[in-house]
Amino acid sequence: MAQTLQMEIPNFGNSILECLNEQRLQGLYCDVSVVVKGHAFKAHRAVLAASSSYFRDLFNNSRSAVVELPAAVQPQSFQQILSFCYTGRLSMNVGDQFLLMYTAGFLQIQEIMEKGTEFFLKVSSPSCDSQGLHAEEAPSSEPQSPVAQTSGWPACSTPLPLVSRVKTEQQESDSVQCMPVAKRLWDSGQKEAGGGGNGSRKMAKFSTPDLAANRPHQPPPPQQAPVVAAAQPAVAAGAGQPAGGVAAAGGVVSGPSTSERTSPGTSSAYTSDSPGSYHNEEDEEEDGGEEGMDEQYRQICNMYTMYSMMNVGQTAEKVEALPEQVAPESRNRIRVRQDLASLPAELINQIGNRCHPKLYDEGDPSEKLELVTGTNVYITRAQLMNCHVSAGTRHKVLLRRLLASFFDRNTLANSCGTGIRSSTNDPRRKPLDSRVLHAVKYYCQNFAPNFKESEMNAIAADMCTNARRVVRKSWMPKVKVLKAEDDAYTTFISETGKIEPDMMGVEHGFETASHEGEAGPSAEALQ
C-alpha cells in the first residue's frame, strides 16, 4: 500500500486572518466598503460573510461594492467589531460594552453575543478576579494600535499569550468599573417602580451606603472602584471566609470566585421572592454570590436596553398601547377581566412576583402603567392583566399578547418584524418601533429567566407574516366583486361586438337586393 505523508502547520488559519487584517488596514484587495454614518470601512466580503449572518444575507441579495448600515449602528462600535472579525479580539473602553453588544446583536455575530455576555458578567461581578479568566471563556481586552499593525508583515505573527494580556488588564485602574453605572440606573429604576420586600433588601446589600457602614475603617483609594471592590470581602467576611487581597496598582479584588456556581440566565430575583417567602440573614450571606450574579444579570439587561434606546434618540417621546378593539362575541368575557382590580390569587401562586409590581395592588383598570421604568412605553392596567391572564406561565404567549397590544394588524403587515430575523425581503418594510421592542423584551426577561431574544425575533416575524395573510384575505372578497364586475363588463362588450357584425350583414344584404331589383328590369327592357 502507498504511504501517505501528512504535514500540518499550526495556527495557519490565524496567520492568514492576520495577514488579511494587514491588507484591510492598508486598503489592499478589499472588495466592499461598509459606510456607517458617513465613515467608510474597507473589508473583504468573504470575511464579513463568514463572521456575520447579517452580511451573509446582505451579500446574497446584493453585489454592490458599497454597503450602508442603518443609523442605529455607531462607527466606533462597528470598527471594533470589524477588527474582531479578523483577529478574534475586542478592545473597548469601560462602559462601551453594552453598545458593542447591541451592535453585535444587530449584525448577528453569535460569538460576541454568547461569549461576551459571560465575559461582561465576570467583569461586572463583585467577586471578579482578572487572574481567574480562562482563554476558552473570555475574549481578550488587549488594546491594539492600527499604527503598530500597519508597520509591516511581521505583525502577522502569533499574538501575545493570554497571561500577558491579563497582566496588562490588571494594571488598568478602571478595568472593572462598569458596574457602578449600571447599578445607578438599576437602583433608580427600582425606586421609581416602588419595588420593595426581599428584592430591595438583596439589592441594598451591594449599595454604597451599606458598604461604607460595614467597612468604615478601610476607605478605598481614589483609583479603585469602591462598589465593586468592597462588595465581595464584606460578604466573605460575614460568611466566615477570608477576604481576598487588593492589588495596589489595579484596584482588583481577588477573592473566592462565585461566577462558576450559577448561570446568569437560570434564576430570577422575582422568582425567588414569592409573597410568603422568608430569608434569614445567614442564608442570604451564604447565597450572596448567587444573588450578586443574578442582580448583575439584571443590570446588564437593563443597561443594554437603556443604551440601545439612547442610540435611537427617541426615548423622550411617549409610547402608549393601542385601544382595545374586541369582537362582539368576546366582549363580555373581556369586560369581566377588565373589572378585575388586581391579578387573581391563583395566578399569583403560579407565577409569583414576576409581573408588573402595580398589578399586585388594586387599582383602576384604565390606569396607564409604564411597562418598564424609564422607557416611556405605557400600557393600561386592564390590557396588561389581560395579557397575563391569557398567558399564564407561558412567556411566549405573553410576548405575543404584548406585541399585539402595541401594534395593530396593518402595522404588523407593513413591517418586517424586529429587523434581525426578517419576515420578508421587501426593502420597503421597516422594523417595528425599537422602543416598544426593547421594553417588551426586558419585561419578558423579568417574567421568564430563560427568555431568549431569538424567540422574540421569530415570533415578531411570524406575527408580521400572519398579519399579511389576514390582510390579504380581507381583500379577497373585494377583489372577487371587482373581478365579477369586470367579467360582466367584458361579456357585455363581447356580446355587443357580436351584434354589430350581424347588423352590418343585414344592411349589406338589403342593399344588394335593391341593386339586383333595379338591375333586373333594365336588363329585361334591353332584351
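Glycine too: its Cβ is placed from the backbone N, Cα and C atoms.
If you look up Swiss-Prot, you'll see 30-94 marked as domain 'BTB', on the strength of sequence analysis. Per Swiss-Prot, the feature region 'Disordered' maps to 131-153, 210-292. Annotated compositional bias 'Polar residues' per Swiss-Prot: 141-152, 255-277, in sequence order. The annotation SUMO2 cross-link is assigned in Swiss-Prot to LYS167, LYS183, LYS318, LYS452, LYS480, LYS483, LYS498 on the grounds of a large-scale study or a structure entry. The SUMO1 cross-link annotation in Swiss-Prot covers LYS167, and the record cites a large-scale study or a structure entry as its basis. As annotated by Swiss-Prot, phosphoserine applies to SER188, SER259. Sequence annotations record features per position, and here Swiss-Prot assigns compositional bias 'Low complexity' to 225-251. Among the features that Swiss-Prot reports, compositional bias 'Acidic residues' is placed at 281-292. Taken from Swiss-Prot, the feature domain 'BEN' applies to 374-471.
Mean pLDDT across the domain 'BTB' (30-94) comes to 89 in this model. Taken residue by residue, the domain 'BEN' (374-471) breaks down under DSSP into 61 helix, 6 strand, 31 coil.
For the domain 'BTB' (30-94), the DSSP-based tally of helix, strand and coil residues reads 29 helix, 13 strand, 23 coil. For LYS452 (SUMO2 cross-link), other Cβ atoms within 10 Å of its Cβ number 14.
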